[in-house]
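Student: Annotations per TrEMBL:
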| type | residues | note |
| --- | --- | --- |
| ACT_SITE | Thr199 | active site, nucleophile |
| BINDING | Arg227, Val228, Gly229, Asp230, Thr250, Gly251, Asp252, Gly253 | substrate binding site |
| SIGNAL | 1-19 | signal peptide |
Amino acid sequence: MFVSLLVSALSVLCPLGQTSLPLVVNTWPFKNATAAAWRTLQSGGSVLDAVEMGCACCEMEQCDGSVGYGGSPDEYGETTLDAMIMNGNTMEVGAVADLRRIKNAIGVARAVMERTDHTLLVGESASVFAENMGFIAEDLTTNKSLNIFTQWLKGNCQPNYRKNVFPDPSMSCGPYKPKATLNQRKRVAQHANTRSHDTIGMVALDQNGHVAAGTSTNGLTHKVPGRVGDSPIVGAGAYADSSAGAATATGDGDVMMRFLPSYLAVELMRAGADPSAACKTAISRIKRHYSDFFGAIICANTTGHFGAACNKVPGFSQFHYMVSNSESDTPLMKSVDCI
Ligand SMILES: *[C@@H]1O[C@H](CO)[C@@H](O)[C@H](O)[C@H]1NC(C)=O
Ligand SMILES: *[C@@H]1O[C@H](CO)[C@@H](O)[C@H](O)[C@H]1NC(C)=O
Ligand SMILES: *[C@@H]1O[C@H](CO)[C@@H](O)[C@H](O)[C@H]1NC(C)=O
């Protein structure tokens, strides 16, 4: 009796999350996206609405050329989009990959979640689904993406992500055929100084402890057509569980998706890890195998505490991300030193 009185007195004196919820956190200094998500929460929208609006803002603004239309042309010169949204209360997920001709990839991801029993739709069929759901089909190519593509062709298609094919992909445009023997080939380095930022990943929490996460990207420039990165893969690009927290990752998706860093970070927070520590462990796990991978992750727990971590490589020693919570009216940029 006495103990329970003491506990309830404490919870009045020191209410959990008083200063830190609601919360929006996203990768890179994509401030307008943070503001769009925050406004959505403030005007009564759900955390899913916030994540959708935040990512959609980046899709419209073509954040850094790495989200939305007109960026990252593949080997054919086409821009394709990957996106995911996850509801941390119900564990529902909707995702699209290799989506063509539709600008609002996060919107289509949400439609997959809400209008099918599936989790992930890909390629042409995802575009047909989107059109049926009322999304407008339009060309995602712009003069800018066309220019990136023609410069790449002129430069003998470098960088080039193929290996163990002939003619030698380090100096030709193919068409490629498989080589009889497999050789080790150094991975094409994807350091921050040679590429733009690559994904918006966003996490939102409301005052009731409802958590959501989402991503949107146009992937890797000059990728082999059909390539899907980490962003639309559950537990890789993002993960949300209202009983533990949420995380979202950005960087060299081909490597990062092999380690499910967002899932790992959320499980570490469930076990009591501080968000920064959970993020660091998720990065270290990848580093053990790929010491020079380019990547970062942000983590938030259910009380609205957050952190981030990144892998230090040439040209990338600090990662910037955005935060909105009740402590400030405008989104704040945060930085973390890479490990
Ligand atoms: C952010 O929004 C402001 C105001 O609408 C706009 O002027 C600015 O260009 C936007 N930033 C980016 C990077 O698009
Ligand atoms: C794209 O390039 C074409 C021809 O080079 C030009 O007519 C057009 O105005 C350009 N569009 C934009 C949006 O710059
Ligand atoms: C979230 O992380 C903070 C900072 O480490 C910690 O004080 C808090 O207890 C954590 N919340 C939960 C629910 O674990």
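Count begins at 1; order follows the chain as displayed.
Just so it is clear, glycine is given a Cβ too, placed from its N, Cα and C backbone atoms.
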Student: Give the helix, strand or coil assignment DSSP yields for Asp252 (substrate binding site).
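Tutor: Going by the DSSP assignment, Asp252 (substrate binding site) belongs to neither helix nor strand, so it counts as coil.
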Student: Cα distance, Thr199 (active site, nucleophile) to Thr250 (substrate binding site), nearest Å?
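Tutor: Computed Cα spacing between Thr250 (substrate binding site) and Thr199 (active site, nucleophile) is 6 Å.
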Student: Of all the binding-site residues here, Asp230, Asp252, which one's CB has the most other CB atoms within 10 A?
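Tutor: Counting Cβ neighbours within 10 Å, the top one is Asp230.
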Student: When you measure from the Cβ of Gly229 (substrate binding site), which residues in the chain that are at least 6 apart have a Cβ under 8 Å away?
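Tutor: The list for Gly229 (substrate binding site) reads Asp82, Thr199, Thr217, Gly219, Leu220, Gly237, Gly253, Asp254, Met257, given in order along the sequence.
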Student: If you count, for each of the recorded positions Thr199, Thr250, the other Cβ atoms lying within 10 Å of its Cβ, which residue has the minimum?
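Tutor: Counting other Cβ atoms within 10 Å of each of the recorded positions Thr199, Thr250 gives the minimum at Thr250.
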Student: Which number gives the other C-beta atoms within 10 angstroms of the C-beta of Gly251 (substrate binding site), all protein chains shown included?
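Tutor: The Cβ of Gly251 (substrate binding site) has 29 Cβ neighbours within 10 Å.
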Student: Using a 10 Å radius around each Cβ and all protein chains in view, which of these binding-site residues has the most neighbours: Arg227, Val228, Gly253?
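Tutor: Of Arg227, Val228, Gly253, the one with the most crowded Cβ is Gly253.
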